[in-house]
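Participant: Let me begin by handing over the structure; questions about it come next.
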């Protein structure tokens, strides 16, 4: 706490800075047409490419602003990168433990996919096919999916651009600002997701105008999305504060975008899927703090040099 007070960053400055970053992240998406007066994109791919550029600019501006606002020496690159959670130590722990923890919430989804593969294999064998032939077809289908995903602009948005830019802005920049401003970690975990959800409010206007939904229906759709973003934003903020690694919430973000909403029931084998989902949730809650213990991600937690205090939060 003494380090935070010496820093001289007030709570109001931290909140206003984070709010400005959130508004910039959303507002810059409309700059090409509203301010620069560029013609409307001729295709969906061009539309998304413009947004990729805008999101990248917003991220760079936020990172630069954060370095200027925080009371750190911007010439000390390693220390500055560490504040953003870009570290080379304990990388495998930051990758494996949070990813395994996140996957527990998708235990039902993964079991359902496994059951579908087993059913497909049985059908293949009933037609006289062999296990090796099925495995080869499965690998070929996976290769085709990967090839298709590489050329799919939506896959780039969901699995690369959105996770990287959002985690840079809403975790790597905002969390150090709020912690330096004197907010306790549990407050930050609740505040960052609110700002994170505000960055998705533009979806309401897009759904309402482009898909001709009613106000109520558009509000319900966006409300569900915002609820999910608040929950995930809290979890991602928790991971960043506990581990001190940006890669932890980043990979969790990619994994969640890849998997979609967790499956907790299915028409076929619904009882088994529901049981596995419940077991996964219980395991997730049970392992949440043990698998994110700060001493798993730092050499020294008793005499910690990370001024924003993530490794001293036990």
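Each Cβ is built from the backbone N, Cα and C atoms, and glycine gets one as well.
Below are the features listed in TrEMBL for this protein:
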- 153-259: domain 'CAAX prenyl protease 2/Lysostaphin resistance protein A-like' (DOMAIN)
- 12-31: transmembrane segment (TRANSMEM)
- 52-74: transmembrane segment (TRANSMEM)
- 94-118: transmembrane segment (TRANSMEM)
- 168-199: transmembrane segment (TRANSMEM)
- 220-241: transmembrane segment (TRANSMEM)
- 247-265: transmembrane segment (TRANSMEM)
- 272-289: transmembrane segment (TRANSMEM)
Participant: At least three Cβ pairs under 8 Å linking the transmembrane segment (94-118) and the transmembrane segment (272-289), pairs spaced 6 or more in sequence?
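Facilitator: Between the transmembrane segment (94-118) and the transmembrane segment (272-289), contact is present.
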Participant: What else in the chain is close to the transmembrane segment (272-289), if you only count residues 6 or more beyond its ends and a Cβ gap under 8 Å?
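Facilitator: Same-chain contacts beyond the ends: 101, 104-109, 111-112, 115, 262-266.
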Participant: What average pLDDT is reported by the model for the domain 'CAAX prenyl protease 2/Lysostaphin resistance protein A-like' (153-259)?
Facilitator: 83
